[in-house]
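Per TrEMBL, region 'Disordered' is recorded for 72-93, 348-413, 984-1014. The annotation compositional bias 'Basic and acidic residues' is assigned in TrEMBL to 73-85, 355-379. What TrEMBL records for 194-285 is domain 'Pre-mRNA-splicing factor Syf1-like N-terminal HAT-repeats'. According to TrEMBL, the domain 'Pre-mRNA-splicing factor SYF1 central HAT repeats' annotation covers 418-569. Among the features that TrEMBL reports, domain 'Pre-mRNA-splicing factor Syf1/CRNKL1-like C-terminal HAT-repeats' is placed at 571-965. Look at TrEMBL and you will find 1005-1014 tagged as compositional bias 'Acidic residues'.
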Amino acid sequence: MASEAGDDSFPSLAALSALFPLTSPIPTLLSHPALLDPEHLTTEHDLARNPDQQQRWTQHIATLVEQVQASERTARGKATNEERATLGNKLSSPEGRLGLQKLTDVYERALAHQPRSFTLWKQYLAMRSSYVLGKATLPLKLGAPKKKRGEDGQGRSMVEWLEAGRGEIDELEEGERDVEGSWEGGLDGVVGWEEWRALAAVHERALMWLPSMPRLWLSYLSLFLHPSCPAPLSHTHARRTFDRALRSLAPSLHERIWRIYLKWAENIGGETAVRVWRRYLKVDPTPTHHYVTLLLSLSPPRPLEAAKLLLNLSRRAAAGTYKSPEGKSAYHLLGEWLEVCEKFPEETGVDEEETAKLRAQREKDDKEKAEKAAAEGDANKTAVVPATRGGTRPTPAGKPSTSASPYDASEDPLSPTLLDVEGIVRTEGLAVYKDQAGRLWTGLATYWIKRGEFALARQTFEEGISTVVTLRDFTQIFDAYAEFSESYISSLMEGLADADEEDVEDDEKEMDARMKDFEELMDRRPFLVNEVLLRRNPNDVQEWEKRVALFGNDDEKVAETYTTATKTIAPRKATAQFHTLWIHFAKFYEQGGVAGEAEADLRSARKIFEKATQVPFRKVDELAEIWCEWAEMEVRNENYDEAVKVMQRATTVPKKAGSISFHDEKLSAQARLFKSIKLWSFYVDLEESIGTVETTKSVYDKIFELKIATAQVVINYANFLEENEYWEESFKVYERGVDLFTYPIAFEIWNTYLSKFIKRYGGDKLERARDLFEQALEDCPPKFAKPLYLLYGHLEEEHGLAKRAMSVYDRATSAVENQDKMEMFTYYIAKATANFGLPATRPIYERAIESLPDKQTAEMCLRFAALERKLGEIDRARAIFAHASQFCDPRSNPDFWSTWNSFEIETGSEDTFREYLRIKRAVQAAFNTEASYLSAKLSQVQAGGSAAQEAVNGGAEVDPMSALDAATNSGALGGAFVAASKTSGVKGNVEEKEKAPEQGNADEIAMDDDDDDE
């Protein structure tokens, strides 16, 4: 090969090997005179006279190191790339090789006089290592700051150290390494074998003098991590050296050795790595999971040992004696174990025959233990844990077992015994992690598929589908089952193309069978989903109805489903509408099947209803629905007598009916059924339709006797009697109703009763009608008084005296609610005007003004003033305006003041107008407070001021509160002055603000110019 200059050929391997060894035997001044530099003669003579002064040796070494480094720098670029790749950066030049010998000679002479100097040995070993190992790209910086230690103050754990740079764990930082790593420019282990051996020998000599120094041991052990380390050193010799280090150093320093030891073992691999890891796990089992990963990455892998270790970790995690450094749960570890079994089924698990034997033995043991526990009566005194090692082991509750666990081959990683994968999945997986059944069933089926046991795989899939209780698990198993079926059919089709003629027929039959099974599986999916939901909640009535619908017109399956549902569902735990299931079951027989093609079987339907009436429903209404539907079925089939008999049975009153409360949940629905108003209402409707008046009346009377009648029942009973022209009896029913109920329910009955009575008799029984009204109004709340008073007044107007009618209306004005008084006074005034003329309304107006609220008083005063003006009483009208002014703020009620202003202009004089203005200013002053002003402004904004109108008409939107703030804060006089008038003689706020900014008193009331003349 050509050199960089293109002149010299690359030296042969033998020629390069001949350059070594350089330091063995140790070069001296006698054997290598060239090592002595004339410049250093004085120093050498001084060192010869004072060999025990370490400082002088150190100074001489430092000087020599500088000269050697300078000569090496001058020699850079002379060596070829091949020489540097083989000999390293420093030893590829003659100057570098000579420098190594010079430094070796000086250090050896210094150490001959100072053999226990740790500093000299450390520097010497570092110098020798730099020439042989090369430059470390990950150097060791002992002076660098330490990485933040954890909460326990121990820094990284062994797991974090081993996993550094993988996943979420950070790479090692400066100050965390104990050894150098990732070198470049080192000496080839074959060419420089003698030099590598000499370097190891120097480390041995150093440790002979200082065997307890961990830094020397770490420097020595770092040789074995170098990728160019010769095989004679990096294998057996390295392992023995690691063992010597552990024996020599204190136990507190062992972790630093083990970190390098385990890293070296992973690089070596094979049996050595396994044995080293086994030794360490006896000391610290924490990184067991890392060891499992190592076992699976070996060539060949060791899946059985890995599976047993994972199984052991899962069991310990479930028992609470192990906590995964990665935070993995017991189920997570069991899932990883199952993945190993899926990937290596032949190496980890037993075959089909052995599995069947173990399954039979496990079932036998469980049965014997169950029988023994039942016989001894210890079922409630022992806490039985799921079998994890060939069965269950009962332990007395509250007393932990003190006996040592028996030997278990499934936990011994050194045992060649294969695992019972199916038994472990069932006892330690499915029995414990029921919410993860989908993953466990699919994993077990995959295990059998990998072993080629396809029949067992299908059996496992079917068992999983028929036992899971969640849709998530079902979907997971079903999808895996369908994918397996498709792939199996595809493989059969591919095999047909290459099969012999003799095997074609068998393969075709197999493929047809598998195709049929696959189609059936797809067709069964809705039924399987329904079964999952019913297993999760067998009391779900809606799901049972859906299952009935799935069978379509298959009457046999529908009847079977209804029968199973009625036997399975617990009435007290059933979801809503349980009674509808029985009703639909009975209708199924009544209609002659789903499609109605068979004959109607009323006998079977009656049997279903008979059974349904004995079911302990949670609610009485459900049982009542059953009886009503039974009677309706008889009516539909024109068995009217049977329908009446059914209702008579349903409404039978027990002997101790008085002590039974309808709302007592402790009693059964059957015991409280006779007080169901729903049942009695249906019975009444049935009697009204097909019975006689007498039978119907007897049913109604029974309802009243049981005290379960409602207002609607009272009205229905009265209407029924009215339709049959039993007028007085219907009125008696109303009276019984008002005795049963109080207001507000009694109001509806009274309202209907009085209306019907007036319609029937009119004025014929006036005194009786008056007595009824007085009874109705005696305890009537104000909220319901208004309609009754109006009806009473109308009666007096039509059939009585007008004076009595006015008396009724007068009573109404004080009996109704405040919000209805205004309307009542208005109606009263209208009736008085019609009957007695306008003058007769004056006392009514006066009473209204006294009793109405302020706002409504002002409105009533306006009407009163208009009346007086119409009658020509101007002074009385003016007095009414003056009286009403005290209730009307000019800012919030401008309509009142504008009306008065118009009145004075049209009918008054100058004096009366001045009096009007004076009163207005006085009222303004009285209302001129902050609270009243804010109330006035808020009412203006709510009523829709100019800004709000602008927003409505398409302008900018106005927030009412913002408009209020703007209104209260605008103008210097806005919150303290209100204009007395807007007539021509008085100027508004804005004009006064602009023309008279010097005004001193903001609260001064502006006066008209005419007032100055007085």
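Glycine is no exception: its Cβ is also placed from the backbone N, Cα and C atoms.
What TrEMBL says about a protein is an automatic prediction, not a curated fact.
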Response to the item:
Reduced to three DSSP states, the region 'Disordered' (72-93) has 14 helix, 0 strand, 8 coil
Practice prompt. Using DSSP, break the domain 'Pre-mRNA-splicing factor Syf1-like N-terminal HAT-repeats' (194-285) down into helix, strand and coil residues and give each count.
Written response: 78 helix, 0 strand, 14 coil
Worksheet item: Tally of helix, strand and coil residues over the compositional bias 'Basic and acidic residues' (355-379) according to DSSP?
Response: 22 helix, 0 strand, 3 coil
Response to the item:
Here the mean pLDDT of the domain 'Pre-mRNA-splicing factor SYF1 central HAT repeats' (418-569) is 90
